[in-house]
């Protein structure tokens, strides 16, 4: 039995600090406030079972003590008997019948009795364990079910203002995680806590009742363990902090480099950066190793103390047994194990307290929400329902601000009357309060002052559901629910007939396109209506509004998101619908408002003007400004369209959707076109979490090969540590054997030597634990560092296009370096340690047992799988069954998510009740599953708890048989049983360490994916053309290019231009026309999709990348400097050689920088700050120029190098540039024409190709685009 208690559970020591918990305002017993009488009864019964179960282990100890005494007595008798035998040989039988020896024990009979005790206790434990868990879990499931229902229905009743202040994401997490936390706090944890606490109390009781002296001695030594645990937690926390801080430096380097990857690539600094990163990893590695050493030290310290305690207890206890005869040997064991079990269980019980605290924290917010009374309760029955509704709406001096922004007045004394049967249009700049007014009509909010009336009744007095049923609303971005079209329309009005649906669809001009779809009205619209085009969604939304047969129709920019074609169709639908209803329409496009009966102009939350289209134009107020602005905009648009038709190069790509839809039947167009990008997105999302095959361990170990000596020593330490448990059972049984020795002197000597042996084992395990901790942390940290370096190296070797992908943003990559690399350790070092440890533990135990008694060993081995299973199961129980619960809750989670995301639409349609019912229906599945789980879980728990009892009962009974029939020494029975049982639980524990391992393999796989990726443009390889007399002759031939992340936008569209060596080419054109892109093609950040870039007649794709980049110097618009000194920044220009200070100074002089640097206190050693933040823009530009000059490049690229400067600095920088250009091929991109007039060739670009090129004078004479640019003003936007 003593089984698992020898191996004190060191894992309990790490109790990581809780995350920031909300203030706990819920008492523990308040968690059960939703319990019904039945639940309370179940919980009470469960608690009784738990308490009885808790007392079972100490009860076992009583049996165990008696059992030991019986064995020892038997052995003593055998000894006496053999003594007598010596005196009278052959007379044994007489002696047996002689009065003296009648009391010879029938050991088999006694053992059978004990076996029955064990089986009895075991059966009781099974039942108690089963009931304790299943009753509590069932009760908790019932309560949680209720909490979920209450919470969701209460949330759905909240007014909209409450949703403005609480984010939907937060509500969703509360519904899943926080309620799960409450569940953890009121389910099995309570039962387990009660059970462990009872065990703790009973254990100490037994200790003090049976032998208070020994108990006090043991208790006195135990603070040492507590102190060790406390210090360990403290040190580990501190060292982890230090390690993270040290890594933060390297992380900052990685971040800086990855953010400015283009600069690094342009100057060929990849190798240099990898080294800089690696240098910064060293200190992180040091702290990691120290952490491993400290953990090893304290673990060893704990084992040492534990073994010293054993030694002390047995030494003192045996003296009480032998010298004073106060205790029997059985009492000694009862006391010793009583205290040990008590301490263990106290430690384990404390881990439940964390769950209680988390549950109380989570309950605070949830219960507060459940208690909160909504200010506008949409499900209340209160309020009038008018018999006849005319539909006059009036705002009386309404003042309003949103609850989430109480300082911004949205409506300010608004007074407007809307007459029934008329169409009123609200216009005005955005933020003027138009949509807000509409939301007040729906009573999403109540005004702070004033009132909104319907037919003269204040709407606050009307029944909400009834009021909202009068109103149909079509929003700017209509929300469809993820079901069929027909169901979406049914949301408009309950129990609506199919005829009504069809007629509404016809009125909304949606009928035709619906009938063209393969499943017609049963077509699924997808999540959020994602399968439909904008126009289709709008029309379905209009049909949904019409199905309601509303008296009042609110159109909030119902057509603004559409292209012209769909707009005309939807507009027509709306015009048909408006007749005879009170309609309020908000719009920005005037075409949609002109024919309204009344137009109201809004400004700053007031209605400033009101009238018909023509009247308002004469007033020259808000409406007039909107109209004039728009008509100009329209003109410009038409102009542009005309030009684009002229430039047929931009053929189909430029055509609007509406033109394409003329070429295809209606039903096709939106599906064909609209689905395109959406599908792309959904695919991108899917690959977001790429499912990676876990990496093979062999490959991870391959990266760890250089550390084999460490791993060898670590494994050696682990092996010895594994052997400690069996050695412990050896010593323990040896002590029992001494009690049956009849000669007191020999007995004392033997006891002393055994206690000394305990001390030795403690010391050895102290050192081996340290060795294991240090060796594995060393190999693990070295592996982490190596992987981080390799990963960073691989990242810098990717082509620039790879970094454009948002999944490879600098932030994501730095996290990957930080976390993935450190998780891989879990698969090598400590994991190998764990495995070696368990294997030696089991191996030594089994070998030893077979040596001492193979028969008994075989019997116990039959139980071993069960013991291991129960160990693993308990480990799993601690981590909980959260994952299965989460999966079961997913459907319900989807419903709640959809409902909360679209709360306005649901409130507008008055469908809260339906969603609450749907949600509750979905809860039934998980609830039934939870009830089933409670039973399974209870049975497993009961089984896990009673296995040991059954094992013991069988093995002691068989042991008794062997002792009597085969003369086996009784101490060997104890030895074999305790050795195997302890190793069995160790096996179970080891199996629970696997999650770390799985995570490590996935992390490693992600890492190897990065290492194995072959970049399209390789930086590190030396292959490719190189030639000596590099001239700098550049030609672009029919280059076409799109960025890999935006494949639908053609950036270069057949670029043709060439530059002779020593010439200066200037690109001008509006932004987005592909000027900078052409420069990036020349640097080979990207390769053209079509066409070629020739350098000295060599095709750029065949040229060696490092060689090509070494011949190019670049100065960009926002020069990126690194966080180091000015001198180092200039030296960065050429990373292929060591640069002398003289060269730096001459480059600085050429860049007009030298004088300014000399005026700084630290001159060239001045640090420029992160991204050069300590310097002004002109200074940064000049450093960048010096950096480009020091390369002595043949080609100089100036990408808007002076555009960001003021005139003064620009002059200086411009002079520097003119100097730098001498004798080099130069490409200039500029917006200011003054900077390019003296270029040899000026190329004017538009839409990705050159429309005219030549020197300044020639282009001026052409009177084309360039002439226009020059004459209309200097900068080109």
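Each Cβ is built from the backbone N, Cα and C atoms, and glycine gets one as well.
Of the given residue ranges 858-879, 880-901, 902-923, 924-945, TrEMBL assigns the label transmembrane segment to 858-879.
If you look at the transmembrane segment (832-852), the same-chain residues 6 or more away from its ends with a CB under 8 A from one of its CBs are 711, 714-715, 717-723, 725-727, 729-730, 772, 776, 860-861, 972, 975-976, 979-980, 982-983, 986-987, 989-990, 993. Looking at 40-67, 190-209, 215-237, 293-315, 751-776, the range that has the most CB pairs within less than 8 A of the transmembrane segment (327-346) turns out to be 190-209. Counting C-beta pairs under 8 angstroms (sequence separation of 6 or more), the transmembrane segment (190-209) reaches the transmembrane segment (40-67) with 3 or more such pairs. Nonlocal intrachain contacts for the transmembrane segment (115-139), taken as residues 6+ away from its ends with a CB within less than 8 angstroms of a stretch CB, comprise 35, 39, 42-43, 45-47, 49-50, 52-53, 56, 59-60, 63, 186-188, 190-191, 194-195, 930-931, 933-935, 937-939, 941-946, 949-950, 952-954, 956-957. Beyond its flanks by at least six residues, the transmembrane segment (751-776) meets 289, 292-297, 299-301, 303-308, 310-312, 314-315, 318-319, 322, 710-711, 713-714, 716-718, 720-721, 724, 727-728, 731, 734-735, 738, 829-830, 832-833, 837 of its own chain at Cβ-Cβ distances under 8 Å. Cβ atoms under 8 Å from those of the transmembrane segment (40-67) belong to residues 1-2, 32, 111, 114, 117-118, 121, 124-125, 128-129, 131-133, 135-136, 138-139, 190-192, 194-199, 201-203, 205-206, 210, 328, 330-331, 333-334, 337-338, 341, 345, 945, 949, 956 of the same chain, restricted to positions at least 6 beyond its ends.
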